[in-house]
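These come from TrEMBL:
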{"type": "ACT_SITE", "residues": "166", "note": "active site, charge relay system"}
{"type": "ACT_SITE", "residues": "292", "note": "active site, charge relay system"}
{"type": "ACT_SITE", "residues": "321", "note": "active site, charge relay system"}
{"type": "DOMAIN", "residues": "86-327", "note": "domain 'AB hydrolase-1'"}
């Protein structure tokens, strides 16, 4: 059974009644139970539901642009009125976009429930051009704040929540830690967040993890900026950036410099959500597996979570990073998908029972 960590008895009872999956035994796929195997295989095994998006480009205060992919769900029979149709903002991982299979599955679950979704693609990675020499990072929440304000202004009467995966979850937590209760979001769901960036990069630099994940992630980061090289060369030594062989080296030469940090340590400290958890002011459900090499078990802030009545952690013993595969042939729904579906439905349909906390 997963470990449910929550200091608020009302939040616990709410989850047990309306999101019972968090108390049920999770049976990982028996032939890929190890965390790294789950992490590696999920993108290849899981199906990719068909989703038709409507793209919107919004301008930012600094002259840049952000690509949003909307799934309007105009065929929703549960919520035919677009002005009050519940809306879920989805934040993909480090180099992820609206095309990731885990995002497509979240949208599929939301479609069944009648909800609208919008995917926040970080700058420069969803096919749009960079208009300024700036991309994104886990610590800077300005773009996310602009997106949340924009979505809420379009549908001010619609119930509104967000879900973030991996770095998307870290960014969302950092935003919530900054804003407290001053947000239009009713609640949030976080999946496989890296809680302490120092511990995450150290884990990913172990030889086998570097070989399986770190080097590939670094090349993905480099690939995501290479097509914007002409714009970025105005500020960066791109030859040096493209020589990075670890995420830490990339962040040292590129990310921390872009966002004005004195050192990479300053950036990693600011980017670590564990330092902001005490300030979260709305109900948040966070799912992690303790065998996730991207977020080592000893770095999960269990004690800090117990100090905030708005926070609930769900910790599984297996599942890897955005894995959570279950069943003999896990093509479709994962444990993570079920947690997402039940929690989102619980918030939108029964949220009044926790908002008096």
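The backbone N, Cα and C atoms fix where each Cβ goes, glycine too.
Automatic prediction, not curation, is the source of TrEMBL annotations.
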Averaged pLDDT score, the domain 'AB hydrolase-1' (86-327): 97
C-alpha of residue 321 (active site, charge relay system) to C-alpha of residue 292 (active site, charge relay system): distance in Å? 5
Students should find that the Cβ of residue 292 (active site, charge relay system) has, within 10 Å, a number of other Cβ atoms equal to 29
Measuring Cα to Cα, how far is residue 292 (active site, charge relay system) from residue 166 (active site, charge relay system) in Å? 11
Close in space, distant in sequence - residue 166 (active site, charge relay system), Cβ under 8 Å, 6 or more apart: 92, 93, 94, 96, 191, 192, 193, 194, 294, 321, 322
Suppose we draw a 10 Å sphere around the Cβ of residue 321 (active site, charge relay system). How many other Cβ atoms does it contain, all chains included? 25
